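Each remark here refers to the structure printed beneath this line.
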Amino acid sequence: MTPQEFYQLLSQQGIELTDRQKDQFERYFELLVEWNEKINLTAITEKNEVYLKHFYDSIAPVLQGLIDNQDHKLLDIGAGAGFPSLPMKIIYPQLDVTIIDSLNKRINFLKLLAEELGLDKVHFYHGRAEDFAQDKAFRAQFDLVTARAVARMQVLSELTIPYLKVGGKLLALKASNAPEELEEAKNALNLLFSKVQDNLSYALPNGDPRFITVVEKKKETPNKYPRKAGMPNKRPL
């Protein structure tokens, strides 16, 4: 997908990018490739692939009508090089984006990226999702949590649901749809007072299948969740 094809596809779906937004995506690509030589950010570095598999893939929640250009507080867990939240932030500048990542080198990249792209209302924190979720400044503070290919729902729900306000939504972006994954996660979702609201399936322009599971938080999360760092993975709920 060339940048031109990227713009055209967005245009067909009612999103007209300004020259500034096009420049932001271009600069994002340049910095991603440049920094990838120093720290491992992505295996995808060819320009057309980045525009398809990182940029276009990341804005799926926008294209699927799950996010609009309001000042929603959005948390991105395990964003790596900023996916999916920062491409959405470029398109919808009103979003207030927070990223938590366990690798400080990636946080340094994201800080530089945000500065270079002139993004405001973006906040980056180095640490574990399990730890920040017990902090009052983060717990139950977000309207939306996004996670792209981070973990199975059984684990992911414990890492993300505590951050949501009641009525807030987790958007889990995945490349494969395993009905048994949601079946396995039933107990975890019940314990966390949350419910699968939707399971969307669509395809990238090259035909690759993609899925977004939407989970809504129904009641406050019990204080004991999430458990200590590492536990959700070792002993899923």
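If you go along the chain as it appears here, the first residue is 1 and each next one adds 1.
Glycine is treated like the rest: Cβ placed from N, Cα and C.
Taken from Swiss-Prot, the feature S-adenosyl-L-methionine binding site covers Gly78, Phe83, Ala129, Glu130, Arg148. Swiss-Prot lists 218-237 with the feature region 'Disordered'.
In the three-state DSSP scheme, Glu130 (S-adenosyl-L-methionine binding site) is classed as helix. For the region 'Disordered' (218-237), the number of residues in each DSSP class (helix H, G, I; strand E, B; coil) is 4 helix, 0 strand, 16 coil. DSSP assigns Arg148 (S-adenosyl-L-methionine binding site) to a strand segment in the three-state reduction. Take the binding-site residues Phe83, Ala129, Glu130, Arg148: by the count of other Cβ atoms within 10 Å of each Cβ, the lowest one is Glu130.
Residues near Gly78 (S-adenosyl-L-methionine binding site) in space but far in sequence (CB under 8 A, at least 6 apart, same chain), listed by position: Asp101, Ser102, Ala129, Ala147, Arg148, Val150, Ala151.
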